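Quick look at what Swiss-Prot lists:
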- 1-158: domain 'Obg' (DOMAIN)
- 117-143: region 'Disordered' (REGION)
- 159-329: domain 'OBG-type G' (DOMAIN)
- 165-172, 190-194, 212-215, 282-285, 310-312: GTP binding site (BINDING)
- SER172, THR192: Mg(2+) binding site (BINDING)
- 350-428: domain 'OCT' (DOMAIN)
Amino acid sequence: MFVDQVKVYVKGGDGGNGMVAFRREKYVPKGGPAGGDGGKGGDVVFEVDEGLRTLMDFRYKKHFKAIRGEHGMSKNQHGRNADDMVIKVPPGTVVTDDDTKQVIADLTEHGQRAVIARGGRGGRGNSRFATPANPAPQLSENGEPGKERYIVLELKVLADVGLVGFPSVGKSTLLSVVSSAKPKIADYHFTTLVPNLGMVETDDGRSFVMADLPGLIEGAHQGVGLGHQFLRHIERTRVIVHVIDMSGLEGRDPYDDYLTINQELSEYNLRLTERPQIIVANKMDMPEAAENLEAFKEKLTDDYPVFPISAVTREGLRELLFEVANQLENTPEFPLYDEEELTQNRVMYTMENEEVPFNITRDPDGVFVLSGDSLERLFKMTDFSRDESVKRFARQMRGMGVDEALRERGAKDGDIIRLLEFEFEFID
C-alpha cells in the first residue's frame, strides 16, 4: 500500500535526574557534596533512506519516544547521555509541526538527517549548587522534559518529469512502454491511485526519472477527486509532460481538457504553469485523432511543443524522450517560492525562544491557574521531596514575577493556585 501522508507523535527523551550525595571517605576531610549530573535525553532524528518509497511503516506505529538520560550518581559521576532514536524516512519527506504548521524539515537526499524532537538536558547534581554560603546543599534538579509534538509527514515523490492529464488518457501506458515500470492499466477512470516511478533512458544514454501521477479532474486544487493528494507530487518535478487524449472517445474536447488541467495547476499555486511543459497528443492510432489534433493546434496559443504519439504502437516516442531529456538539461531545480515569498514566509529558529514566561487565568471556582512553557519546565525540573528545592522554586517564581502578578490579579492568603495537575496555597 502506498501511504503519502500520516500524522505521528514524537517525544525526545527526558534528561536524567541529578543526585544529592556527599563524599564520606576515610582520609578525605571535608569531602563535601558529590552528586553527579544526569545525562541528556535522546533526540528523535529522521534520516533519509533511499530504499524506502512510502510512509507505510508510520501507518502502524504512530508514537515515537526516545529514551531518557541516565541519572547522576555519587562521587560526582555523571549519568550517560541517551542514544538518539533514528527513524528512517523515504526521500521527499516533508515534516510539518501539526500545531504551528511550520515546516520542520524537507528531507530529499540519502543520509540527510534532521532533529525533530530534542531530548532534555540532564538535571544538575548538588555539587553544582555549592556556594560559600551553602557549602553542603541538599538540592538537585530533575531532568528537563524532552520536546514533544505532533507532526505531519508528507511524501512528495522525487521525479524529474511528471505525467499529468485527465484520467484514462494513457499516462500509465506511456510510462510502461518507456520504462520498466509496471503500473496498473485498465479501461476505467482512476485506475492509478498512487504515483508510479520509472527510470527512462534515451538512445543516446541520457536517463531521468518519470512519474505517472494519478489523473486530475476539474476542481482538483480544491481537493476534488483526491486532487490534493495527487497535486502534491508535481511540486518537485522539473518538466511537466501534459498527456491529452486526441481520440475524443470520452466525449470531451482535447483543447478543453488542456485548459482545465492547466487551470488546476495554476490554482494549486507554486507556479507550476511556469515550468517547462511538453504536450503529448496521445492515441494518434485512433480514427479521428489526426483531425482532432489539427483543431487543437489551431486553438493552442501557448508556445509549448506538441508531440503526436501512440503509446500502444510506440509511434513518436523516440522524439518525445529526446525532447524531455533536452528540456531537463536546460532546466535547473525549480524554486517552489520566489524570493519575496521566501522573505515573508521563512522562519529563522534561534536558540533564544521569545516565549511568554507564564500566563495566569482564573477558573469559575476561584482557583488561579498558572501556565507557560518556562514555568512548567521549571516546575517539572524541581525535586519537591527536598525542602531546599522547594524554597529554590519559590525564589525562582518570585524572580519571574509570578507572586506580584498574582497579587495584581487579586490573590490573597489562602487562595488556591494550580500548576499542571498540582495545587498549592498562595502565601502573601
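Cβ coordinates are placed from backbone N, Cα and C, and glycine is handled just like the others.
The CA atom of SER310 (GTP binding site) is located 13 Å away from the CA atom of SER172 (Mg(2+) binding site). A 10 Å cutoff on Cβ-Cβ distances gives GLY165 (GTP binding site) a total of 24 other Cβ atoms nearby, all chains included. In the three-state DSSP reading, LYS283 (GTP binding site) counts as coil.
In the three-state DSSP scheme, SER172 (Mg(2+) binding site) is classed as helix. Under DSSP, the residues of the region 'Disordered' (117-143) split into helix, strand and coil as follows: 4 helix, 2 strand, 21 coil. Comparing the binding-site residues SER172, SER310 on other C-beta atoms within 10 angstroms of each C-beta gives the minimum for SER310. Most Cβ neighbours within 10 Å among the binding-site residues LYS171, LYS283: this distinction goes to LYS171. When Cβ atoms from all protein chains are considered, those within 10 Å of SER168 (GTP binding site) total 20, not counting its own. On the backbone, the CA of LYS283 (GTP binding site) and the CA of SER172 (Mg(2+) binding site) stand 13 Å apart.
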